[in-house]
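Pulled from TrEMBL:
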ACT_SITE  A:7  active site
ACT_SITE  A:196  active site
COMPBIAS  A:294-304  compositional bias 'Basic and acidic residues'
COMPBIAS  A:314-323  compositional bias 'Low complexity'
DOMAIN    A:1-109  domain 'HotDog ACOT-type'
DOMAIN    A:165-279  domain 'HotDog ACOT-type'
REGION    A:292-323  region 'Disordered'
């Protein structure tokens, strides 16, 4: 991990870690999908499941990324990626991240054609059944999120501190060749890195302290983004608890040269950030001031997600304690 | 702004800011030129007007870049870009740069064809007249600078300190895919970043202190630079005042593989640098020792530009004080 | 040299220097091979001779890279590259590296065709004879190393500290457009940078201190690596002396999408590292524990190379003292 991968406090950006995770996932699933004599293809990221950043990674540490294919449907691959940070001077290792990604193999000759995935062998029958269950769940969730895509973030003049408008942010990026796969589409990891960058700016503007990514909700890649597009990545705060902030991030693509197409929503996700003191301890977060009806509704929805995650985590801890 | 964008003292390189400005300008003008059902095209940078670096930008700050189209001729677009630095911890914002850029739209199918620019609507008739005046002025200036293109910078053995030869510098760069636009030509911003890099080395060699870009004179892009070229960026000091240094920078392209063409001058410009103490205060600059007739002539020409800029700035301040 | 080019102690990575050397070599040899009206071509790196890192380069210093063609055979070019570090604040300059590289020109139209090299003029007949001798020697050495290519590095569970398995490391990298030449093959410099990265991780894992590249043995590029490949770079320690570590690095390529080809060994080399205290003084290195017969054999081979280099250096010093 190099200085450019980290914030001023020396913590590696969540986006940098997401980018590494996605590269590992893309490699293993592309390799698998080309393992049998079929049509040559490249795996495109379709979805990343909710993931927690369990411990910080620092400049000078080595990131160990390992990936495994855990399920295959006819047209998709589920990959489990684990990231560990290793301080090579002390030898200390820590799990920083566990992520589940879904890929779809696209034909190298015809990017609109999804090719068939060679099935994997399961050690036990239950593994296949559990995988199938996860497959059905993510399919449903992807359909649902696609319907929320009309929403946009517009600039506001002279907003008050701690309002949604005050911290909302956006950046534009011209998609160059080095952002793209062999098929000429943006790597999922590049997109997630930009999303984390915008979410981080929103969080820092709100609480004016050092902030780090705590978790990312499921990220759905609705549509591919082609080389030469301009992408607008925009973020706004939706919810604050005592010690965390939830930021909604949209990625919109403008195919502004080649095609006569309109701007479209390519990706959307929720990022959760925490505020840290100089010693790395969690700080209280100023409460978000909601002004409009929409902002109040989104705050309640965010609260729902927050409570649900909290309950799930407590259940897991109890389960772990009983074992 | 990341560590790699800045010098050892933490000040972001002028070249990094120029690169962002150009990216914003290229996006807005390409989008505008494709806004009507015409031939798909990409905007290529033709010229950047003289621009001052008004206040420094530092590592960890967020750069806010906004762009607006202020004039269109039949075949060119004028873009005004403003850059603000924002310290997201304190919330402090400062204008760091205001720049005016001229773009020419080139057809995606035939890179040698300039397509027509859709006209913009002006709020007031005077805006169009003023824009037309600026258009004519830059056209004339571009013609003039093109004629000065025969000059080259050659290495000198064992030069004395504070002479022109002592600090002159050059670098070569192989133009790769990630430096280029969709048309396979180098982004104007990439070129300007390299020019600032060389100018900064010349300035540091001369005064052996921490230095920052203070302003850049009009930059004219005489010719496109194609992927696969080797470019030689060379700089020499032309003039020193008590507290500033002027450096002339040339960009020469060698189309060394594909084409049988000779080396040609692609871009040229004057950069002005100031020397700073560790506390960030301007330091006196050692006077440039001129040896040859050409060096003395260029020193006088530099002095002319320096006095002209100084007079113009004083006039603006008086005007501002009267309002 | 920027923060990203260096390790935590501020020393520029050997890999960054190797990358610059290779870029200079590729430019000068491509330019030479296209200097006569023949088939357009791009020079591909075939081999780098053994090279020492004579003194460290630091962040903020300027690297001066100069290159010269010293020999041409019918189908290859020998380039001598010198690197100097310059502290532009004090003006101090030091030689950091002298390297000899061999390039082969490949046709732009048919990447499998090696084109003819225009002969250079020698100032003295002996220069040609000495060049021819170096040419024959490297040709022989390339043939020999190609035969050692079956060896692989496999992960080991729970290894003991200071064993070979304990520090062995590998990384994978997806070859993107910005890693490649005009012909769509990975730049030799990009490969060497990754090799140095892995070797550095192996060295740091073994001795848990700040480490720097001291020298690199001859690097042979057995085969080209194409865009879209996944490369696995793996390293293991082979030998330790009192104050140095030798690490063997392999680069294997998986042409996993386009072609039905098997994984192949593309490059291999030995890197030598030293361990430094915080004050930059050499530290003793823990002895490598060899477990298997192969490890013991490789240790003895490494010792042979170490003693040979030591003897050669002493002979050179005596020769220099006598002159």
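Each residue's number is its place along the chain shown, starting with 1.
The backbone N, Cα and C atoms fix where each Cβ goes, and this holds for glycine too.
Source: prediction; values computed, not measured.
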Tertiary contacts of the compositional bias 'Basic and acidic residues' (A:294-304), as residues 6+ beyond its ends and Cβ separation under 8 Å: 164, 238-239, 241, 246, 248, 270, 288
Tally of DSSP helical, extended and coil residues in the compositional bias 'Basic and acidic residues' (A:294-304): 11 helix, 0 strand, 0 coil
Other C-beta atoms that fall within 10 angstroms of the C-beta of residue A:7 (active site): 16
Intrachain C-beta neighbours of residue A:196 (active site), sequence separation six or more, cut-off 8 angstroms: A:13, A:14, A:15, A:18, A:213, A:216, A:271
Taken over the domain 'HotDog ACOT-type' (A:1-109), the model's mean pLDDT: 92
Secondary structure composition of the compositional bias 'Low complexity' (A:314-323) [DSSP: H/G/I, E/B, coil]: 9 helix, 0 strand, 1 coil
Residue A:7 (active site) - helix vs strand vs coil (DSSP): coil
DSSP-assigned states of the domain 'HotDog ACOT-type' (A:165-279) in counts, ordered helix, strand, coil: 26 helix, 54 strand, 35 coil
